[in-house]
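Engineer: Supplied in structure tokens, the structure appears directly below.
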């Protein structure tokens, strides 16, 4: 473990090995960028997943993506988003994020919630997978809008700062939800529990936002940095989202117009 807010667990490394090795075996020409620095040693066969999902293969590939070459894709992997919450037993905050980018844009994503329903009793189905593709839509959840006229902000639980709090105060929210994980925060938006995800801090990375962005955009939402710039996901891009995160399912302009200039000046893209 490398510090309280940068906990690296065995789970992180095993999950990333499984995802990256499985993808690399099936799609050897794609670029895969994962959160953990892993050795390129042989991965044990039991970590390789070689199946596929019939439900997804039933959908037609959007015309604009039918000619994509494998080597033009970049896959961003966060094997365990919400690591700190995972180590504290807040298992509903934990997600596995796999985002697919083409031409620098997030076009498809998977958010897996391995412990979804973990408090619902012995007979509950544990875990769920939310996925989306631009031009097809997003699946695995019930799209719900936050209550009209309510300004409910979801933000960081473990990376708070004076700037984060100044930004939230400026939005004059009816309530603030503090949860771990970028994937989990986007779920709050698409399930109607929050109306804006606001993080005025440089701490978020490309593998935190690629998959959630694709899913949010597939249902008509919007995510940018605090200046309104969209994120770039080409393989040469820097990994930090150094100018923060602002995301909404609806009413993006309302929140964007209320971000203080002091916050924008403090966060350099």
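Using the three backbone atoms N, Cα and C, a Cβ is placed for every residue, glycine included.
Whatever TrEMBL says is automated annotation, not expert-curated.
So TrEMBL lists the following for this protein:
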- 35, 78, 80, 81, 208: Mg(2+) binding site (BINDING)
Engineer: Residues near the Mg(2+) site, 35, 78, 80, 81, 208 excluded, by Cβ within 8 Å of the Cβ center?
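Structural biologist: Neighbours within 8 Å of the Cβ centroid, excluding 35, 78, 80, 81, 208: 77, 79, 82, 83, 95, 96, 97, 181, 182, 183, 205, 207.
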Engineer: Whose Cβ, among the binding-site residues 35, 78, 81, has more other Cβ atoms within 10 Å than any of the rest?
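Structural biologist: Selected residue: 78.
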Engineer: Please work out the number of neighbouring Cβ atoms within 10 Å of the Cβ of residue 80 (Mg(2+) binding site), leaving out its own Cβ.
Structural biologist: 25
